[in-house]
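As recorded in TrEMBL, the features of this protein are as follows:
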DOMAIN    100-213  domain 'Restriction endonuclease type IV Mrr'
TRANSMEM  21-46  transmembrane segment
TRANSMEM  52-70  transmembrane segment
TRANSMEM  258-275  transmembrane segment
TRANSMEM  281-301  transmembrane segment
Amino acid sequence: MKRDNYIKNYIHYRENQKTALARQIEFVSVLLVLWICTALIMLSIWGYDLTVLALTFIILLGEYKLLSLIRQIKLEHRLNRYKIWLSGKKCQQSIDETATSGEFQQLVQEILENTSHFSKVKVNKSKVKTHGIDLTAQYKNLPVVVRCEKTTDQENKISIQCLHEMVDDLDKLGMKNGIIVTNGIFGNKSRAAAEKYKKDYAITLIDRYNLIEYARKANHKIFPAPHIVEQLITERQEQKSADLIPLSSRLIGDRHKAAGYFTAASILGFMYYLINNISFFSIIYLLFALVNVTLGIMCLLHGKSRYELTAINIIDTGKEPG
């Protein structure tokens with residue numbers, strides 16, 4: 001996977017909100033549509049024949065295999081992106097937990113020491129007074145200085161003043177190459193300033209997401225190992241399982257749902273009455289009307305009021321009522 005794709009996944013991961021049942025229904029629906037289209041095309045070409053119809057079922061098996069393969073590839077791709085996001089989130093938390101600027105500086109030094117093309121990464125011991133040059137290094141045999149900006153708020157944008165100070169420090173040191181590393185982010189103004197100085201200075205901005213990628217490439221211990229990620233996934237799945245609302249509670253847990261069930265039963269009963277004879281559809285209408293009536297009665301007998309549900313939610317979250 002490309003570096004930009006890793007960084008994009010560190011920033012955002014959109015979790016699939018569909019339930020397993022919904023995904024299965026979607027899969028079966030697509031398969032059914034494919035089979036119908038195949039059958040219609042073949043029957044229109046060769047005419048209605050049992051042999052042709054039987055052949056469509058053989059083709060259906062191939063379509064099933066193909067859809068299953070596509071679904072498996074998509075699931076593996078989504079799982080890989082989820083692992084990257086989870087790894088990045090864990091690494092980001094560990095970076096933010098570095099208590100002091102000194103610890104953050106040490107972390108940056110360790111990462112750069114194990115990053116390709118960097119060498120001689122050392123603490124700045126120059127006697128020249130600067131605004132905040134923390135490290136010196138060689139990058140592809142070119143001298144470079146590094147400023148480490150630790151922020152307590154990860155959403156905090158590094159000010160453009162930091163760029164101006166870096167340029168001032170480079171002039172004092174007689175250098176052209178600088179790197180600003182932060183666990184925060186750089187705003188558009190800071191990036192525009194770095195681009196503006198590009199003609200005379202090479203200033204690289206490494207925000208928290210790029211720093212995570214540097215840590216991954218450097219195989220630094222702050223980036224979680226694969227077995228740690230698997231453990232995190234297991235813990236999240238267990239938490240999700242614990243948070244799932246039982247099907248019975250979703251169906252009949254709220255007494256107010258009874259009105260909806262009785263309304264649906266009335267509409268279905270009216271549809272049954274309009275048909276006025278026994279047929280496949282009339283039986284379906286009657287069956288679902290009875291199901292809705294049953295669910296409505298169970299809501300009245302076993303469901304809880306909105307006040308009771310709110311009280312239970314307050315107790316579960318540990319909040320004080322009122």
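Yeah, the Cβs are placed from backbone N, Cα and C, and that goes for glycine too.
From a predicted model like this one, the values you see are computed outputs, not experimental measurements.
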Structural state census, the domain 'Restriction endonuclease type IV Mrr' (100-213) (DSSP three-state): 45 helix, 34 strand, 35 coil
Long-range neighbours of the transmembrane segment (258-275), counting only residues six or more past its ends (CB under 8 A): 281-282, 285-286, 288-290, 292-293, 295-297, 299-300, 303
Beyond the flanks of the transmembrane segment (52-70) by at least 6 residues, Cβ under 8 Å: 27, 30-31, 34-35, 38-39, 42-43, 46
